[in-house]
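Here the structure comes first, spelled out in structure tokens, and everything after it is commentary.
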Amino acid sequence: MNTGIGGTFQCGYNTSIINAPTKAVQSFINQTWTERYNTEISSQVLTLLWSTIVSIFTLGGLVGASVGGTLAIRFGRKGTLLFNNTFALLAAFFMGLSYPSSTFELLIVGRFLTGVNAGIAICVQPMYIGEIAPRALRGAMAMGTSIFITGGILTGQVIGLNELLGKEEYWPILLSTVCIPAIMQLLTLPWFPESPRYLLIDRGDDVACKKALMWFHGPDKYHGEKEDIERERVSAGGIKPKKPWELFTDTSLRWQLLTLVVIHMSQQLNGINAIYFYADYVFTQAGIPAAKIPYATVGTGACECITALTCGLLIESLGRRALIIGGYFLMSVCCVCFTIALTFQESSPWVPYLSMMCVFAFILSFGLGPGGVTNILTTELFTQTSRPAAYMIGGSINWIAFFFIGMIFPFIVNGLKQYCFLVFLVVCCLVATYIFFVVPETKNKTFLEIQSEFQSRKKLIAANGTEGPLLSTPI
């Protein structure tokens with residue numbers, strides 16, 4: 001919990017928290033501009049400044065993801081998570097100071113720093129959890145990443161309600177609350193050991209590794225984990241951690257890297273952002289009063305959070321493949337149903353309620369599959385020497401796709417209207433097909449065993465000259 005509250009929780013929290021004070025911050029910018037230049041700000045400039053405040057978070061996330069793996073190698077997983085809180089504290093300071101100093105530019109600086117914090121966290125936290133978790137519980141524990149992201153989104157939605165900090169005069173306090181999770185982590189995480197895999201494979205510190213394993217697994221049950229780490233260290237053969245560009249030139253990692261690109265890009269391009277975009281319209285059509293729509297939006301956040309928890313309970317019994325393929329399949333069905341429902345939205349009074357069902361069904365499907373499993377696969381598909389670089393690549397792709405969909409999505413909606421979900425239908429179907437034929441089941445396997453399955457595929461291709469599916473473990 002201490003890794004998540006100051007880690008990926010911040011990513012989800014800062015994604016949703018900015019929605020509540022939209023009008024209040026725009027009013028503050030207008031007031032500040034008038035005081036400085038003795039003229040009201042134009043609507044175009046106001047929109048540009050507000051868009052910058054919102055979207056600079058994405059740029060910060062890209063920067064954070066780009067350096068997260070390097071920091072994790074240099075300072076360790078735990079050390080990087082602790083250092084990362086500096087960005088959150090600085091962001092809270094700048095955003096809180098913006099109102100009394102009448103400097104809206106500080107909001108841009110603060111949002112950029114929250115993005116850096118989120119980018120590093122979403123890179124390093126799942127790496128840390130995946131490395132300290134027992135093999136049999138690795139999937140369930142790694143689901144903490146998604147649980148805290150969705151928990152952060154839900155918390156941001158709740159705190160942004162008018163009954164709490166959503167009132168206009170409270171927005172500086174609201175944006176400064178990013179310091180609270182950071183302080184909580186700084187108080188709790190120092191009591192936990194560093195990743196044993198990092199200590200032994202990267203640092204060569206056998207004594208510290210043993211102490212950490214005993215702390216995590218107990219003095220009587222750590223030997224099996226120690227043997228797995230020793231085998232991985234022997235396999236690494238003194239190889240230093242790889243740089244991101246070295247992964248692209250390593251033919252032994254070709255399929256793992258391609259899978260990484262596919263699952264991270266599709267996580268942003270599968271339509272989940274479109275669903276949230278259409279949610280307010282669907283709720284309005286269903287007859288929900290405008291003043292009550294924020295509460296319905298909280299319902300979508302709660303839905304995604306509950307699904308992440310459910311995925312954590314199912315992932316060790318059903319496996320990764322069943323959840324992520326099933327999730328994309330259900331999302332494909334929802335895309336079809338939602339397109340039909342939006343097309344005939346005004347033809348019958350019950351159709352808007354069908355649209356509402358599609359919204360929640362899509363969110364449930366996303367949380368059950370792609371939203372939960374993607375980060376776990378990033379941990380499991382790579383060994384110690386290539387994992388930090390893999391997280392840097394995956395995180396960067398995720399943030400670039402996030403920015404890309406934010407830029408072009410309004411044009412897609414304006415051009416295709418409700419038929420934009422047919423584009424997302426194609427994406428979901430293609431990704432599900434790719435995973436079915438390429439990605440093996442990783443449940444309850446060591447990192448070396450997973451690597452060995454990909455190597456076996458490469459040898460099979462070399463022997464047969466064809467690229468058959470890798471289905472070592474059935475769904």
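The backbone N, Cα and C atoms fix where each Cβ goes, and this holds for glycine too.
Database features, via TrEMBL:
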| type | residues | note |
| --- | --- | --- |
| DOMAIN | 1-443 | domain 'Major facilitator superfamily (MFS) profile' |
| TRANSMEM | 48-73 | transmembrane segment |
| TRANSMEM | 80-100 | transmembrane segment |
| TRANSMEM | 106-128 | transmembrane segment |
| TRANSMEM | 140-159 | transmembrane segment |
| TRANSMEM | 171-192 | transmembrane segment |
| TRANSMEM | 322-344 | transmembrane segment |
| TRANSMEM | 350-377 | transmembrane segment |
| TRANSMEM | 389-413 | transmembrane segment |
| TRANSMEM | 419-439 | transmembrane segment |
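Contact between the transmembrane segment (106-128) and the transmembrane segment (48-73) is supported: at least 3 Cβ pairs lie under 8 Å, counting only residues 6 or more apart in sequence. By the Cβ criterion (distance under 8 Å, sequence gap of 6 or more), the transmembrane segment (80-100) is not counted as touching the transmembrane segment (322-344), fewer than 3 such pairs being found. Looking at which of 322-344, 350-377, 389-413, 419-439 has the most CB pairs under 8 Å to the transmembrane segment (140-159), the answer is the stretch 350-377. Note: the stretches the transmembrane segment (48-73) and the transmembrane segment (322-344) are not in contact (fewer than 3 CB pairs below 8 A, sequence gap of 6 or more).
Tallying C-beta pairs under 8 angstroms between the transmembrane segment (389-413) and each of 171-192, 322-344, 350-377, 419-439 places 419-439 first. Using the rule of three or more Cβ pairs under 8 Å, pairs at least 6 apart in sequence, the transmembrane segment (322-344) is not in contact with the transmembrane segment (171-192). In the predicted structure, the domain 'Major facilitator superfamily (MFS) profile' (1-443) carries a mean pLDDT of 88.
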